[in-house]
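Residues or ranges marked as iminosuccinate binding site by Swiss-Prot: His81, Ser99, Tyr170, Val171, Asn172, Ser187, His255, Pro256, Glu257, Thr272. What Swiss-Prot records for Cys144, Cys229, Cys315 is [4Fe-4S] cluster binding site.
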Amino acid sequence: MTTLNLRKDAAPAPAFVSAAARFGVIEKPDLAFTPAVARETEHLYEKVKDFIPAFEWAAYAPYVHAINRLKKERNAVILAHNYQTPDIFHCVADIVGDSLQLARDATKVDAEIIIQCGVHFMAETSKLLNPEKTVLIPDARAGCSLSESITGADVRLLKERYPGVPVVTYVNTSADVKAETDICCTSSNVLAVVESLESDTVLCIPDEYLAMNVARETNKKILTWKGHCEVHERFTAAELLAYKEANPGIEIVGHPECHPDVIAVCDFSGSTSGMINYVKDKRPQRVLLVTECSMASNIQAEVKGVDFVKPCNLCPHMKRITLPKIFDSLLTMTEEVLVDPAIADRARLAVERMVNLKQ
């Protein structure tokens, strides 16, 4: 029970001070493509030259150069999801990975400021795990169809309908939903999370296909919710079979946010990091990644000799994050991510249970 202090002399809550006021605004530097900028970014261009023509690099390089300088000046770190474009992933990010990796690494950063290059729920997760740090997202409109498919009120109704059944919630959700959750999961650890619970029945929400895929790997009864990723739900088994017929010997690597019929056609399925590790370890001659198409470009820069067939399904939300917006974040300190204190502690607990789960 919470006891409210109603004394007239109670100290008022401290006034909110914006990140811009706390850290100050930096004047916009020159973004000319000078010989010095070309020279200092040359090693980074080597990583992305297969995706960015030399004449276009003249527009990218000044932002890359300025961002990497501003990070040091601001004591900031950039966390980037595997779906970010190669210029962000390879040229300005300090930490890259899937949702689980980013959540874990967010707890280890020493920097005062976190710039989250991903969608909004990822930035919220970083804030939950780092309540004392300043977390910025370059574009607060970077949402997620899965996150928008369910609310905290929906979860409360599910708990009323299935009393005593533990709730496993995908991290692709808002803090409001996480606050109603027993434990979070990602696509890389969902089976381990489900198996860690003593109950024979588990609510696995909101991604219906992820839940259906994990149901095939466990003896527990899995209850689902009809949320879907707008990128992965577009893939079909017929489409992948057509690729196989047209490309004999091709290996298909899928993401468990796809329909189970799609996963059944794949040679391997796993989280984005699992997919990356599979390609790096197996080095297939030709491979098709059944996921957001920027990831194939990001791996291709690191894995030579592998032919990537790219069915290009783009995430419009991830693509809201751009170099100019990252640059503006570091200059103006806007789009700060805050979590309502009324739900933050409960949401944090669900994420921490996942992060601390023994694998």
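Yeah, the Cβs are placed from backbone N, Cα and C, and that goes for glycine too.
Small disclaimer: the values here were computed from a predicted structure and weren't measured.
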Around His255 (iminosuccinate binding site), which residues of its chain at least 6 apart sit with Cβ under 8 Å of its Cβ?
Ser187, His232, Ser269, Gly270, Ser271, Thr272, Met275, Val290, Thr291
Taking the Cα atoms as reference points, how far is Cys144 ([4Fe-4S] cluster binding site) from His81 (iminosuccinate binding site) in Å?
13
Rounded Cα-Cα span from Cys229 ([4Fe-4S] cluster binding site) to Asn172 (iminosuccinate binding site), Å:
10
By the DSSP assignment reduced to helix, strand and coil, which category contains Tyr170 (iminosuccinate binding site)?
strand
Neighbour count (Cβ, 10 Å) for Cys315 ([4Fe-4S] cluster binding site):
22
An 8 Å radius from the center of the Cys144, Cys229, Cys315 Cβ atoms defines the neighbourhood of the [4Fe-4S] cluster site; name the other residues of that chain inside it, in order.
Val119, Ser145, Leu146, Asn172, Glu230, Val231, His232, Glu292, His317, Met318
Around the Cβ of Glu257 (iminosuccinate binding site), the count of other Cβ atoms that are within 10 Å:
28
The record lists His81, Ser99, Tyr170, Val171, Asn172, Ser187, His255, Pro256, Glu257, Thr272 as binding iminosuccinate. What's the largest Cα to Cα distance among them, in Å, rounded to a whole number?
17
